[in-house]
Amino acid sequence: MPTSARIAIYPGSFDPVTLGHEDIVRRGASLFSELTVAIGINPEKSPLFTHEERLEVLREVFADLPNVKVASFHGLTVDFAKSIGATVMLRGLRTVSDMDAEFTMALANHVLAPDIETVFLMAAERYSHISSTLIRQIARMAKSAGRQHLSQFVPEAVIDLLIEKSSE
């Protein structure tokens with residue numbers, strides 16, 4: 001791999017993946033030679049989607065991007081980043097409040113792994129209001145939240161599974 005090659009990691013829970021996540025990955029894929037979308041597995045959380053379902057959906061969403069890989073990991077994000085040779089951690093920012101939390105996390109990550117840089121991409125304005133939490137609430141509370149409504153928030157690949165999971 002040439003010295004100019006940059007391997008990045010975009011970590012998250014992606015429960016579910018949103019159009020905002022997709023936008024960050026597609027923009028990030030143009031900036032880095034390799035980008036791994038990494039699902040952090042937190043045993044203390046009860047996600048809507050299993051990690052296998054999230055892996056499958058993410059692989060489908062990014063199948064057209066040859067330099068994007070999808071993986072999952074347990075433990076510290078910086079340890080996983082090191083294990084795949086990543087030197088950049090990509091993070092998306094939607095709002096000023098995101099910046100506060102992300103800045104704190106970036107500082108902690110820098111202490112743990114000074115050789116890994118954090119790069120922030122601002123969310124496209126049309127996606128800045130979207131969060132996985134909001135989508136889960138809409139899908140759960142609005143039984144009429146059909147494909148047309150959900151397609152404004154999530155990639156097509158996740159809609160059927162989201163409807164199915166939300167009606168359980």
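For all residues, glycine too, the Cβ spot is worked out from N, Cα and C.
Record check: TrEMBL places S13, F14, H21, G92, L93, R94, Y127, S128, H129, I130, S131, S132, T133 at the ATP site, and the matching candidate among E102, E117 is E102. H21 (ATP binding site) falls within a helical segment according to DSSP. Listed in sequence order, the residues of the same chain lying 6 or more apart from S13 (ATP binding site) and placing their CB within less than 8 Å of its CB are I39, G40, N42, K45, P47, R54, S132.
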